[in-house]
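Summarising the annotation, TrEMBL assigns compositional bias 'Basic and acidic residues' to 264-273. According to TrEMBL, the feature domain 'Methyltransferase type 11' maps to 58-131. What TrEMBL lists as domain '18S rRNA (guanine(1575)-N(7))-methyltransferase Bud23 C-terminal' is 204-279. Here TrEMBL flags 257-282 as region 'Disordered'.
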Amino acid sequence: MASSCRRPEHSAPPDVFYNEEEAKKYSQNSRMIEIQTQMSERAVELLNLPEGQPCYLLDVGCGSGLSGDYLSEEGHYWVGVDISSAMLDVALDREVEGDLLLGDMGHGMPFRPGTFDGCISISALQWLCNADKRSHSPPKRLHSFFSTLYSSLSRGARAVFQLYPENSEQLELITTQAMRAGFSGGMVVDYPNSSKAKKFFLCLFAGVAGVLPKGLGSETSDRTVPNQVQYSGQRCRFKNMKGKSLKKGRDWILEKKERRRRQGREVRADTKYTGRQRRPHF
């Protein structure tokens, strides 16, 4: 389960590791963008949100807003929390549509009860398993996070965490603290027999017990089980695109401007030049 290369959380605390240089990769590295987008899509599939209905979601460890971009494309509103000011600066430069909050997830989520319809988190939860300061206790920080997250979710909502566990003990620590906080659910493993494609998703239910989805690529997966999250097949659209999603067309730009108007933001008027392709400059 553990990787042979050095794990980022062993190098430095997250607010130190994700400095300006590292943060820039999340807006310039096409492979990183592609992976983040694919995992965000899978996390939203596991949330099993009502179809065609905009939801208010929390993105924990939102970073530069790549996962938030996918939430916006799906028509949802979101709030992102991250400990790295450098990552949030990149998100601001990218003009993401969600609201951003600088904060340490180990200190708990500072939101009112029942605020969110769901929560996603991409590649962040494993950082809480490390004690970066003498005062840090991983079990206590995990419990503080999960208990306040549980409160901030509406009853029946889901929280989905994509994570890179270092070992089975880390998985047990995380799931134990989540259950202590009141959640039900468990681990969904996609492509369990593949060393490269294998992905871990902690799928939690707040208040109402649900049917735990089965992982992709599992030979025992039953596609007829009610409430089972199915692989949509939409992820193939990211192939051969070097990490870039289908954006920047006129229809996409008009839709994005209309969403911003509904949010009360100041938006330039539409003209015949909106979304027009510009000639390259040399």
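One is the number of the first residue shown, and numbering goes on along the chain from there.
Including glycine, each Cβ sits where the backbone N, Cα and C put it.
Note on the domain 'Methyltransferase type 11' (58-131): mean pLDDT across this stretch is 93. Per DSSP, the compositional bias 'Basic and acidic residues' (264-273) is made up of 0 helix, 0 strand, 10 coil.
Residue counts for the domain 'Methyltransferase type 11' (58-131) under DSSP, helix first, then strand, then coil, are 25 helix, 20 strand, 29 coil.
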